[in-house]
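Inspection log for the structure reproduced underneath, given as C-alpha cells.
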Amino acid sequence: MGREFVDIFDGWADSYEASVSGKDPEYRDVFEGYDSILNEVVNRVSGISVVEFGTGTGNLTAKLVEKDFSVIGIEPNEKMREMTAERFPKREIIDGDLLQFEIGKSHVDSIVSSFVFHHLTDEEKGMALKLYSALLKENGKVVFADTAFITEEAKQDQIKKERSRNFHNVADDLEREYYTTIPILTKLFEEAGFQAHFSKMNDYVWIMDATKK
Ligand SMILES: C[S@@+](CC[C@H](N)C(=O)[O-])C[C@H]1O[C@@H](n2cnc3c(N)ncnc32)[C@H](O)[C@@H]1O
C-alpha cells in the first residue's frame with residue numbers, strides 16, 4: 001500500500017539531480033524554485049526531532065542537517081536510500097514509507113517531506129495524517145511540499161497544457177499518480193486534527209503547513 005511508484009525511482013535516481021536543477025525541460029516547471037521550496041519547508045519546521053519521508057537523493061535532509069535538526073530519514077527505494085545514507089553516514093536513514101515506518105523514538109516534533117505525498121491515494125493520505133497526528137504532540141507540525149491543484153478542473157487543464165507542448169511524460173505522471181486538490185487536502189488535514197495553511201510556490205507545488213490542534 002502506497003509503494004506502487006517506488007520502482008520508478010530505480011530508473012530516475014541517477015538523473016534526479018539534473019531534473020531538479022531544471023535540465024529536463026518536461027519537469028522544469030514542476031521543480032521551478034526547487035531550492036527555495038526546500039528552504040521554505042525547513043523554515044516552517046518546529047522543535048528538534050524531525051522525521052522526513054522520501055529523502056530521495058537527500059536534498060531536503062541536507063538542509064535539515066545544516067540547521068542542526070535531529071533528523072530520521074525514511075525512504076522505501078533502496079537506491080535512493082543508499083544515496084542519502086552515503087551523504088549522511090551519521091544519520092539514521094531507514095527503510096519505510098509514508099504509512100509503514102518504525103522509528104525507535106516516541107517523541108517527534110515535526111514531520112516533513114518534499115515531492116512525496118502524492119504517492120498515496122486520498123484515502124491513504126487521510127490514514128497517514130491520522131498516524132502523524134497520533135505521533136505528534138499539541139502544536140507539532142506536518143510540513144509538506146508537493147504538487148496539488150486548486151480544483152480538479154485546474155489539474156485537467158494542466159494535463160492538456162503539457163500534452164499540447166508534447167510533454168507526455170509529465171502529463172502521464174499527472175494521470176498515473178495521486179495528485180489531489182487543496183479543498184480535499186484541507187478536509188483531510190482537518191479530519192486528522194490539524195489546522196493547515198497552503199501557499200503556492202509555482203504552477204505545481206504548494207507548501208502544506210499544518211499544526212496539530
Ligand atoms: C520525487 S522524489 C523526492 C525526493 C526528495 N524529497 C526531493 O525533494 O528531492 C520522491 C521520493 O519519494 C519516495 N517514495 C515513493 N513512494 C513513497 C512512499 N509511499 N513513502 C515514502 N516515500 C516514497 C521515492 O522513492 C523518492 O525517493
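Backbone N, Cα and C define each Cβ position, glycine as well.
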Site co-member for S-adenosyl-L-methionine according to TrEMBL, given GLY54, ASP97, out of GLU32, GLU75, GLU78, GLU82: GLU75
Secondary structure content, the domain 'Methyltransferase' (50-140) (per DSSP, counts of residues): 35 helix, 24 strand, 32 coil
Residue among the binding-site residues GLU75, ASP97 whose Cβ has the most other Cβ atoms within 10 Å: GLU75
